[in-house]
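Just below is one structure, and these are the notes that go with it.
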Amino acid sequence: MIFNASHIIIIVYYYEYVSQSQSESQQPKIQLRLAGNKRKHYEGRLEVFYNNEWGTICDDDFSILAAQVACRELGFLGAVSWSPSAKFGQGEGRIWLDNVHCTGREKSLAECPSNGFGVSDCRHSEDVGVICNQKRIPGHRFINTMNNNVETLEERVEEIRIRPISSHLKRIPVTEGYVEIKERGKWRQICDEEWTPLNNRVVCGMYGFPGEKNYNNKVYKSLSMRKKKNYWGFSVNCTGNEAHLSSCRLGKPLELKRNGTCGRGLPVVVSCVPGRAFAPSSSTGFRKAYRPEQPLVRLRGGSNIGEGRVEVLKNGVWGTVCDDNWNLRAATIVCRELGFGSAKEALTGAKLGQGMGPVHMNEVECSGFEKSLTDCYFNNDALGCSHEEDAAVRCNIPAMGFQKRIRLSGGRNPYEGRVEVLTEKNGSLVWGTVCSENWGMVEAMVVCRQLGLGFASYAFQETWYWAGDASADNVVMSGVRCSGTEMSLPQCLHHGKHISCPKGGGRFAAGVSCSDSAPDLVLNAQLVEHTTYLEDRPMYALQCALEENCLSSTAKKNDHSSYRRLLRFSSQIHNVGRSDFRPKLGYHAWTWHECHRHYHSMEVFTHYDLLSLNGTKVAEGHKASFCLEDTQCDEGIQKRYVCANFGEQGITVGCWDTYRHDIDCQWIDITDVKPGDYIFQVVINPNYDVAESDYSNNIMKCKCRYDGYRIWMYHCHTGGSRSSDMNEYPGMSNQLHFR
């Protein structure tokens, strides 16, 4: 979502209500709040303040209608859903309400029929929670007539923004300006009488910036002298750890002077430091896609910039973080460390996919001011933590305006369509299409990310079936080649003003289909290392393999009595992503192989190569196509895909496809290879035919020594699993080079 001048909704967590009825004196007075283990400001355990005591509500007979009433009473437009069984943690004290029945039209939960206040047969394991619509009721007023020791104010603000001065209007992103609050539809400045640098830290974090800096006070002092003041009447007190200004305490009302000024007469100004990826540059307004220096923390598996599974580097090996005690404070440390703002969400339960390898950190506790997550207290012992508990984050990022310069047109839903970009032509901005020549999954991924629509599920080179905007048929961008790290399509390599697109636009324009989840395939490196051996096999037993091009070219000249030397191994490919891995082509395009008696669903699924130490290929095991199925699954997960009897093919999330070492073509033919030291390499999905959340772990490498009779395989690891400065393979990297 993009906001003018960086608008952000601000909510204060405590809400009050005076219930109204025909007989106001007889109506019970209650107050509601959201509490518990909430990750967002508009969700949580629903608690009621009644008879000078906070209590909870039982989930018996609770419904979405009751949730609607509660959320509106809290100042939101309505409810999205509700949760039983103490999803947001168990409360304490009384269970005030049970068997609540609402029609949805009530103004307060106090008006809904129930067993009566304090009459319940429930336990706190049945505490109800609600998830409200995050949009606020405009101008909603909260009245507090109850003495409940909760800081309250009669007015609540609706929005907050950073408003840049005129000389900074064209700067992207907006990093400096007046902090203004919207009250009753009017924007007001904040008096800096009690404003602190910790408040600046919170505001910058909200807008996606990791820190704050000093600014030229003389400019703003001069400007403030010329204009009429319009101050908000309250101060704000932050500790600096809040992820949002709504979490800060509101201070005492300020006494404004008759001329509208406060004590020192200056409005609050904030100046933020953007992360490296968002730092303005003179040429493009933002930096090109970059590859940062080796960090100690990284994000993996996220569909958008600033989100992903948290991984940390320890002893040169990347590992995950267990979600025990994982909270917004620790998540914010990660976000700021990586050049983003504060955390929007601290995700648990591997919601952004499971990692592989060790779990390095458990029970993380941060003060909130550490420079790195590795500086926080944590338990080295992660026993009992599985990758099903991998922690993840979603960070606030700056509003770069990328989404305004691209759109999808003609699709059946907002997640698909012809790609149309906004570009400058003859001094004006016009919409046009993208040339589809060489358009592939990596380019589609960048488009979906730029639009905030997640991952690409398909990349289309023909879009004749989508009626796009006829005025945008002309091609305005061609020769697009992306690496996959870009935040927007213009950051990819592409032709300049001289467009070259033989097929033209219109029906041949590039298109995409996006999805909020994707699979992620990872090869079990240890199994390869443990199952490698040599076999000398006669040609008469290799006729099927010869037909499928699984032997080197010299095999065609051999007679049936000769032998081929095969480097054999098992491969076990796990899907640790968030959606099933399905072949690109449907049933109609699968190929039947009579010799092996099954259908092959992908033309190229895996490459097996033996390389010299300088990266030259000396032998290959050509896997022309593949039969994809669930060989085994994690406990509690059912197999869905099987190759037999023309069954559906794929790999379910949490399952793996195993090709045993004794299966045809599960080898490299090394008959013509001389003794020496080599690199053994396996690449899954090498042509990016199917979208994945992480392509860096699709490659596996091993060191290999062959003495002419025996072979040793050692130091096997998947791409991205180790520190880049521990690269044991000269001239090689973890990037794929098959496009």
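Numbering starts at 1 and runs along the chain as displayed.
Positions of Cβ are set from backbone N, Cα and C atoms, glycine also.
Curation plays no part in TrEMBL annotations; they are all automatic predictions.
The structure displayed is predicted, hence computed values, not measured ones.
According to TrEMBL, the protein has these features:
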DOMAIN    32-133  domain 'SRCR'
DISULFID  Cys58-Cys122  disulfide bond
DISULFID  Cys71-Cys132  disulfide bond
DISULFID  Cys102-Cys112  disulfide bond
DOMAIN    162-273  domain 'SRCR'
DISULFID  Cys238-Cys248  disulfide bond
DOMAIN    297-396  domain 'SRCR'
DISULFID  Cys366-Cys376  disulfide bond
DOMAIN    406-515  domain 'SRCR'
DISULFID  Cys482-Cys492  disulfide bond
Out of Cys71, Cys238, Cys366, give me whichever of these disulfide-bonded residues has the highest number of other Cβ atoms within 10 Å.
-> Cys71
Near the Cβ of Cys376 (disulfide bond), how many other Cβ atoms are there if near means within 10 Å?
-> 17
Please average pLDDT over the domain 'SRCR' (297-396) for the predicted structure.
-> 89
Of the listed stretches 32-133, 162-273, 406-515, the one with the highest count of C-beta pairs below 8 angstroms to the domain 'SRCR' (297-396) is 162-273
So what sits near Cys132 (disulfide bond) in its own chain, CB-to-CB under 8 Å and at least six residues off in sequence?
-> Leu34, Tyr42, Glu43, Ala67, Ala70, Cys71, Leu74, Phe76, Leu77, Gly78, Ala79, Val80
State the Cα to Cα distance, in Å, between Cys248 (disulfide bond) and Cys122 (disulfide bond), rounded to an integer.
-> 34
Cys238 (disulfide bond) and Cys112 (disulfide bond), compared by Cα position, are separated in whole Å by 37
For the domain 'SRCR' (406-515), DSSP counts of helix, strand and coil?
-> 19 helix, 40 strand, 51 coil
How big is the Cα-to-Cα gap, in Å, between Cys122 (disulfide bond) and Cys482 (disulfide bond)?
-> 57
Any idea what the Cα distance is from Cys112 (disulfide bond) over to Cys58 (disulfide bond), rounded to a whole Å?
-> 14
One finds that other Cβ atoms within 10 Å of the Cβ of Cys112 (disulfide bond) number exactly 18
Residues near Cys482 (disulfide bond) in space but at least six apart in sequence (CB under 8 A) = Val442, Glu443, Met445, Val446, Leu489, Cys492, Leu493
List the Cα distance (Å, whole number) between Cys102 (disulfide bond) and Cys58 (disulfide bond).
-> 14
Compile a sequence-ordered list of residues in the same chain as Cys58 (disulfide bond), six or more apart from it, whose Cβ lies below 8 A from its Cβ; state 'none' when nothing qualifies.
-> Ile95, Leu97, Asp98, Asn99, Val100, Ser120, Cys122, Glu126, Asp127, Val128
